[in-house]
Structures are given as structure tokens and as C-alpha cells.
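Visitor: Could you have a look at this structure, given as C-alpha cells, before my questions?
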Amino acid sequence: MQPNESIVVINAGSSSIKFSLYSGAALELTFRGKIENLYSGVTHFAAEDAQENSIGDRRWPDAPLDHAAAMAYLLEFADSHLDGHTVVAVGHRIVHGGVHYSGPQRLDAGVLAKLEQLIPLAPLHLPHNLAPVRAMMALTPDLPQVGCFDTAFHVGQPAEAQSFALPERITAQGVRRYGFHGLSYEYIAASLPQADAALAQARVVAAHLGNGASMCAIDAGRSVASTMGFTAVDGLPMGTRCGALDPGVVLYLIEELGMSVAAVQKMLYQESGLLGVSGIASDMRTLEQSSDPRARAAIDLMVYRIGRELGSLTAALGGLDALVFSGGIGENSASLRAAVCADAAWLGVQLDGVANAASGHGLRRISSASSRVAVWVVPANEELMIAQHTKDLLEPA
Ligand code: ADP
């Protein structure tokens, strides 16, 4: 890539689009930002440069934007802030690649149609990931677009890690464990050896703890097991998602409590997790600041489940050399990290209390010098991973 060429990265959710622009062969961050409150409320656009200075702020008080209108505005904004750069491609974060897409993929109408068939596997995420792709295809048909899948990093997991104990005819229809947050884990797997070369061969459990939360067992840089399964509702309790659940509960809710499938879906995805248990909020900061015992109970349950999954993933790895925290909670909540590490003392985890409590932004080690398991904080950077994949696909080595 030439110094004046740039890649736009899009990470679109149901009501927001995060965007960033990376330039030149080194993929330097040029600007980034977020469009929030799509479809309802007052849509808000905010962008900042690499030094975190605001370079754009706009609101739409009359009517909210949809994905297509937001993408059109973003293109217009990018055009006037490119400063001599040319956008050569757009990379998109896409939650699900199904069984067919195991790596970054150039997107065209045919691929888009195949991805649309996967919507039932990720009904709350995939339609929103695909909406900007469709909008960009209409606005700039000649600009290459690349899809990067959250499932891709997990594709090489051993067969038993990918299987449910269901009849083969169901498995054959793609009902299996996929795993998500793969771009975040891939970034972690790539970053750790830069901090400590020995970690390239290590057995690592990484916890991506944000509004969505999962954990992944990484052996010498490769995913071998993860807590999320067929959909992104499995595994840990999250902001509003329940995490692992006895499937009998779903049957009970429908058969005995008379809930509709739509009501069950809404409950499991939007009304459970930290929000459901606390009855207060899905946001960890709010819960940590609350003196309500229900807030404490919600946090305690999350910590407990992280500990249980840590044991399970360590078993999948046959041991543990490093534990990594990432995502909004993992990067920022020193108290949650301390609680998880205290529970994991049996594995040889020993935190350095001062390093854990110190406010820091970058990749950092927070375990004591004598800890058998190294503990790291790695700030999530799925966007850079997407930019890298997009660049590599456009200019193969
Ligand atoms: P998403 O999964 O939507 O990308 P993030 O990774 O940004 O979400 O994580 C959001 C979560 O991180 C929220 O629960 C938020 O409260 C939590 N968080 C952010 N900053 C802090 C902090 N300083 N202390 C505790 N939790 C925090």
C-alpha cells in the first residue's frame, strides 16, 4: 500500500457503526469514530484523529439515520478529511462466516447472498453487519470490500471442541460450536509474542470481556476451544445475554410458562446477564459504583463463571502459561481482574496488586514476578486486525 492509500474499517452493530481509517504500509491510524443512535433517538456522529482530538461532531435531531444514510454521511465526511489520501478498500467486521468462510473474503453480491442465509445463526448481529456492506456496494460499486469473520480464528479447533453431542443429521446442517470474538483473539495471539517471545508457544486463556464476553484457549497462537458456541449467547454471562444455559430451561419457558419464541429470544439476549441478575444495569461501571447487593450478586456471578470456564479451558490446553484480559471490562476493571485472579490462585496465578491497580492504556503485564502464570492486559484492537486482513487480501505476498 502506498503512503497516501487508506483502508476504512467498519464495525457495525444494531444501533451504531464504529469506523476507523488506516493509512500506508504500516497501517497508521488516521482517524476513528462512532455513529450512535441509528434508527431511534438523536443520531450522533463523532470522529477523532490519532491524537484523540475531535475532528467531527454532528447530531440529527429531526430524524434518526439508518445504516445506509449513516454510511453515506461517513463517506462524505471521509472525502473531506482524507487530506490527499485515497480509500482503496473497506474492511468489515462480520460476526458469522458459517462453515464456508474460514478467512477474510472479498465481498460481492454472490457472497452477500450466501452470508444472508446465515442470518438465523446470528439474528441480532449479522443483519447489521451486512447493512453497511450493501450500502457501500450501492454507493461505491468499484471499491473493494472485504469481510473479516469473528468465527474464522476458531475454524481449526479440534473436532471435539466444535461438536455438540447431537444426532449427526443435525450436526450435518451446521449445528455446531463456532466461537466468536475471533478477531480480538487473533490480535491478542499476534500481540503477545511481541511483548514476550516465549508466549508464541504458550498455553494462553484470553478473556474478552465487554458488553459481549467470551473466553478462548489459545495453544501456540491457535484457538483450541472457546466459551461461545453456535451463537454468541453461549458461555459467560454478559451485559444482557445469559451465557451458558441448560437447554431444558428454554423448553420450560416455552412449554410451561407459555412464553413465545420471540419473548424467549429477547429475554436470553437482551434482558439477562448483568442486567437481568442485578435488575439495575448491564454496564459494569454502574454496577461497580452501586451499593445495591443485587449489583454485587451480578458481578460475583460473572467472576464465578469466568473462574469455572478458566478451569475448563485450562483442561483443554493441558495447562496454563498465561491469562489475558481484554475488552472494556477486562482492560479497565482492576477489581474484576483481582477477583478472577484470586479465584485462580490454585492454577498458579499471582497478581501484582500495584501493577493491576495502576491506570494504563497499553499492553501490560500485571502478574507478580514469581507468578507461575503470566497475567497480561491486552487492549482489544479488532479494527487493526481487519485493516491488516483487508490489506493482505488486496496485495497477497
Ligand atoms: P463492546 O462489547 O460493546 O465493544 P466494550 O468492550 O466497550 O463493549 O465494553 C463495555 C463494558 O466495559 C461495559 O460494561 C463498561 O461498563 C465496561 N467498562 C468500561 N470502562 C470501565 C471501567 N473503567 N471500569 C469498569 N468497567 C468498565
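The backbone N, Cα and C atoms fix where each Cβ goes, and this holds for glycine too.
Relevant sequence annotations retrieved from TrEMBL are reproduced here:
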ACT_SITE  ASP150  active site, proton donor/acceptor
BINDING   ASN11, GLU382  Mg(2+) binding site
BINDING   LYS18, HIS208, LEU209, GLY210, ASN211, GLY212, ASP283, MET284, ARG285, GLY328, ILE329, GLY330, GLU331, ASN332  ATP binding site
BINDING   ARG93  substrate binding site
SITE      HIS181  site 'Transition state stabilizer'
SITE      ARG241  site 'Transition state stabilizer'
Visitor: Please report how many Å separate the Cα atom of LEU209 (ATP binding site) from that of ASP150 (active site, proton donor/acceptor), as a whole number.
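Guide: Distance between the two Cα atoms comes out at 15 Å.
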Visitor: Among the recorded positions listed here, LYS18, ARG93, ARG241, ARG285, whose Cβ has the fewest other Cβ atoms inside 10 Å?
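Guide: Counting other Cβ atoms within 10 Å of each of the recorded positions LYS18, ARG93, ARG241, ARG285 gives the minimum at ARG285.
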Visitor: Using the residues the record lists for ATP (LYS18, HIS208, LEU209, GLY210, ASN211, GLY212, ASP283, MET284, ARG285, GLY328, ILE329, GLY330, GLU331, ASN332), what whole-number Å value is the largest Cα to Cα distance?
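Guide: So the maximum pairwise Cα distance among the ATP binders is 21 Å.
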Visitor: When neighbour density is defined as the number of other C-beta atoms within 10 angstroms of a residue's C-beta, which of the recorded positions ASP150, ASP283, GLU331, GLU382 has the lowest density?
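Guide: Counting other Cβ atoms within 10 Å of each of the recorded positions ASP150, ASP283, GLU331, GLU382 gives the minimum at ASP283.
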Visitor: Where does LEU209 (ATP binding site) sit by DSSP, helix, strand or coil?
Guide: strand
Visitor: Can you tell me which of LYS18, ARG93, HIS181, ARG241, GLU382, our recorded positions, come within under 6 Å of ligand 1 at the Cβ?
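Guide: If the test is a Cβ under 6 Å from any atom of ligand 1, the answer is none.
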Visitor: List which of the recorded positions LYS18, ARG93, ASP150, ARG285, GLU331 have their Cα within 10 Å of the Cα of ASN11 (Mg(2+) binding site), in sequence order.
Guide: LYS18, ARG93
Visitor: Taking the Cα of the residue listed as 'substrate binding site' as the centre, which of the recorded positions listed as ASP150, ASN211, GLU382 lie within 10 Å of it?
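Guide: Of ASP150, ASN211, GLU382, within range: ASP150, GLU382.
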Visitor: Give me the CA-CA distance between ARG285 (ATP binding site) and ARG241 (site 'Transition state stabilizer'), in Å, as a whole number.
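Guide: That separation, Cα to Cα, works out to 17 Å.
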Visitor: Which chain-mates of ASN211 (ATP binding site) that are at least 6 residues away have a CB under 8 A from its CB, listed by sequence?
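Guide: When sequence neighbours closer than 6 are ignored, ASN211 (ATP binding site) has MET238, GLY239, THR240, SER282, GLY328 within Cβ distance under 8 Å.
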Visitor: For ILE329 (ATP binding site), write down the residues of its own chain that are at least 6 apart in sequence and whose Cβ falls under 8 Å from its Cβ; none is a fine answer.
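Guide: Non-local contacts for ILE329 (ATP binding site): LEU209, GLY210, ALA213, MET284, LEU336.
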Visitor: Taking each of LYS18, ARG241, ASP283 in turn, which of these recorded positions have a Cα lying within 10 angstroms of the Cα of GLU382 (Mg(2+) binding site)?
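Guide: Neighbours among recorded positions: none.
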Visitor: Suppose we draw a 10 Å sphere around the Cβ of HIS181 (site 'Transition state stabilizer'). How many other Cβ atoms does it contain, all chains included?
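Guide: There are 32 of them.
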Visitor: Determine the Cβ neighbour count for ASN11 (Mg(2+) binding site): the number of other Cβ atoms within 10 Å of its Cβ.
Guide: 21
Visitor: Pop the Cα-Cα gap between ASP283 (ATP binding site) and HIS181 (site 'Transition state stabilizer') into the table, whole Å please.
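Guide: The separation of the Cα atoms works out to 19 Å.
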